Amino acid sequence: MFSLWSWVPALPGLAWGWALLDALLQGLVGACAVSVLCSLLRVYLYIQCLNDPERQAEKAAIGAQRRVLELLHVAVLAGLLALVGSRVAALVVLEFSLRAVSTALSLGKGAHSSQLYLLCQYSLGCGVSCGLSFLLEGAPHGTCNLALAAGLAGLLATYAQRLARHVCTLYELHSRARYCGVCILLLTAGHGIPRLLRNALTVAFAVGDLAAVVLVNRDFLSVAEAVRFWTPLTICYTLLVIYMQEEPRQSAGGRAAYQTALVRMGGLLILLLTVGRWTDVLHIFISLLGELWCLLGAGVLLESCRRQVRRRHRPAAAVRGWRRPRAHGEGPSCVSA
């Protein structure tokens with residue numbers, strides 16, 4: 001089967017153009033993955049708000065979504081992921097993976113999982129981009145494969161956004177009437193969305209971490225050069241993890257999320273100023289814009305997660321004075337948490 005590109009003259013500028021197209025397609029796939037993540041979290045948090053009469057204001061904020069803003073968010077994020085080099089994207093993936101493992105081990109399964117899913121948006125996009133770059137490196141039809149992947153990812157992101165709009169508009173009515181198959185499925189199995197996301201993100205970051213290590217080691221000609229790079233990188237990552245663990249656990253949303261992004265990118269910037277290239281410094285600033293853009297788009301969801309954490313800690317003190325109804329002939333009793 002003849003290839004279409006065999007008829008195109010081999011011009012240097014044209015080769016650069018194909019590389020730019022590949023980068024745009026990789027960024028689009030990563031942005032679509034982030035969009036699917038946010039849409040499913042929006043569905044989960046909206047259903048949680050319906051079950052709590054005190055969270056009606058949060059329900060209205062989560063349901064107030066505009067399609068134009070969603071498309072703008074995906075387009076800008078795809079452009080930022082396309083501009084970030086594979087070296088910096090690999091470092092972002094490795095840093096967040098280490099922080100996620102440390103957070104999961106220290107906190108276990110709890111209310112912070114949803115917040116961690118929202119904080120991993122940009123790192124997830126970088127991981128998908130690194131994975132595609134590694135898996136399709138040297139492939140004869142890499143551009144066609146990326147175009148197919150971008151089409152499938154865009155289709156999946158579109159259906160996830162439609163699901164979120166359907167839930168925010170009609171779930172409350174359909175769940176009572178019991179005549180919509182999608183809403184009935186969410187009513188019975190909607191609590192499993194976090195577990196589904198956890199499994200999917202585990203696979204995505206596992207592939208991304210493997211690709212990141214290979215992409216970083218590709219630039220070294222000897223073991224000594226690799227050791228000179230990985231030693232300060234390990235120290236930098238260790239200090240970042242220690243700093244994240246010392247943060248107050250109740251401030252995972254709001255301004256603390258932006259402060260965390262600044263600290264992470266600042267640490268990588270200091271590292272790459274000593275062992276990196278000047279293009280890496282530029283890509284760090286692009287990554288910072290990507291992190292802030294993702295946090296800005298998920299501001300409502302982060303605020304909902306933060307309030308949910310506060311409510312889960314509030315009953316521990318309130319239940320101490322709660323008295324269950326006394327049965328006939330039973331003395332006063334108090335159930336303490």
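Using the three backbone atoms N, Cα and C, a Cβ is placed for every residue, glycine included.
TrEMBL entries are annotated by machine, without manual review.
Summarising the annotation, TrEMBL assigns signal peptide to 1-17. TrEMBL lists 68-94, 143-164, 200-221, 227-244, 256-275, 281-302 with the feature transmembrane segment.
Proximity of the transmembrane segment (281-302) to the transmembrane segment (143-164) is not established, fewer than 3 Cβ-Cβ distances being under 8 Å for residue pairs spaced 6 or more apart.
Between the transmembrane segment (256-275) and the transmembrane segment (200-221), fewer than three CB pairs separated by 6 or more residues in sequence fall under 8 Å, so the two stretches do not touch.
For the transmembrane segment (68-94), the list of distant contacts is 20, 23-24, 26-28, 30-32, 34-35, 122-123, 125-127, 129-130, 133, 157, 161, 205, 208-209, 211-213, 215-216, 219, 233, 237, 268, 272, 276, 279-280, 283-284, 286-287, 289-290, 293-294, 297: same-chain residues at least six beyond its ends, Cβ to Cβ under 8 Å. Same-chain neighbours of the transmembrane segment (200-221): 33, 37, 86-87, 89-91, 93-94, 96-97, 100, 117, 120, 123-124, 126-128, 130-131, 133-135, 229, counting only residues six or more beyond its ends whose CB sits under 8 Å from a CB of the stretch.
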